[in-house]
Each structure stands twice: as structure tokens, then as C-alpha cells.
Amino acid sequence: MILVVGLGNIGVEYENTRHNVGFMLIDLLLKESNFTNLTNSKFKGELFKIGSSLLLLKPSTYMNNSGLSVKAVNDFYKCERMIVIHDDIDINLGALRFKKGGSSGGHNGLKSIDTLCGNDYERVRIGVGKGENVISHVLGKFKPEEEITLSKVLEHTKKALLELIENDDLSAISSKYSLKA
């Protein structure tokens, strides 16, 4: 079983914020797939299954406690592989990077996952840039002119993710799909 986690915060006030690009990508995947809804309170998030071996998770624990949801799903399904999609303020909007393991880079959602599940998982890092105030920047909504770039990046990321799921070759996917901005 492969677990793909899209990080974000629940609630209308967080929709379309920079911190929610992980949720946005999961929503894009669901829009174009036949899925089974496995959401259950024990998973502390929205959980969906595509085919026989792909799980998509949107934790409902808020960003700083994402690891609680990821651990609950991982413990129940014994996933062999995990891919986490998240915003990254250290790369510009329009950029896309791939990584396996390493530090959380100060991202509280990753920090929570690392603490509860370890850090040996693949990461899809979607650039959102860095504002003057980090918290208000990541919790802020995209500007209309940024939404055009975001839409293109999410579509590109979806293709990369689907290929990564099939091929399990992060290095090749990184070479083929990484974007600079």
C-alpha cells in the first residue's frame, strides 16, 4: 500500500491558502479518479482509496499535528511507502522539488510526521515563496496573478506524482519534473 499525504489546514478560512497546497493536489487527484471514501474518525482525516493499493490522506488535525493522522493510517494499513506533499517557503512560487528523508526544514507538519513516523519518506515540495512575515504568508490566500502559476504547478505536480507512484524512482522523477522559478 502506498500512502500519499497532502498537508493543509481544515476549515473555510484556510481554503486556497499557501499552506494548503497539499490538500489542493489531493483534491485535484480525487476530481479525476474513481475512489472509495474510507474516512473514519480513527484516522483523524479524510482518507480515500484509489485502486487496490493507493491511499490519499488529508489530515484534519491541523498542520502542527499532521503526524497523528499519518501515524493512525500508517499503523492500520502498514503502508510500504509514503509520499508527503507540502508547501515550501524556501523555494519560489512556481518551483517544484523532490526529496527523500532529511530534516523538516522548520515545517511544522513535517516535524510532526517525523516525530511520530520517522523521516524516511518521499517529499513533494511545492514552492510558495517567502513573505515578510512567514506565518501570515503561509496562512494567506494566493493573489489572483499567483493562482495562474499555482494552477500550472499543481497540474505539473499531479503528472509527476502519478509517475512517481508507478515508477518508484525519485531521482528520475526529480530530473524530469523539478521546476525552477
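Cβ atoms are placed via backbone N, Cα and C, with glycine included.
The candidate list ASN92, ASN108, ASN119, ASN133 contains one residue that Swiss-Prot assigns to the tRNA site with TYR14, TYR62, ASN64, namely ASN108. Contacts of ASP87 (site 'Stabilizes the basic form of H active site to accept a proton') defined by a Cβ separation under 8 A and a same-chain sequence distance of 6+ are given as LEU7, ARG18, HIS19, ASN20, VAL21, GLY22, HIS107, ILE126, GLY127, VAL128, VAL138, in order along the sequence.
The record gives TYR14, TYR62, ASN64, ASN108 for tRNA. Within 8 Å of the mean position of their Cβ atoms, the other Cβ atoms in that chain belong to ASN9, HIS19, THR61, MET63, ASN65, SER66, GLY109.
It is ASN9 that, of the recorded positions ASN9, ASN64, has its Cβ surrounded by the most other Cβ atoms within 10 Å. Taking CA atoms as the reference points, ASN9 (site 'Discriminates between blocked and unblocked aminoacyl-tRNA') and TYR62 (tRNA binding site) are 5 Å apart.
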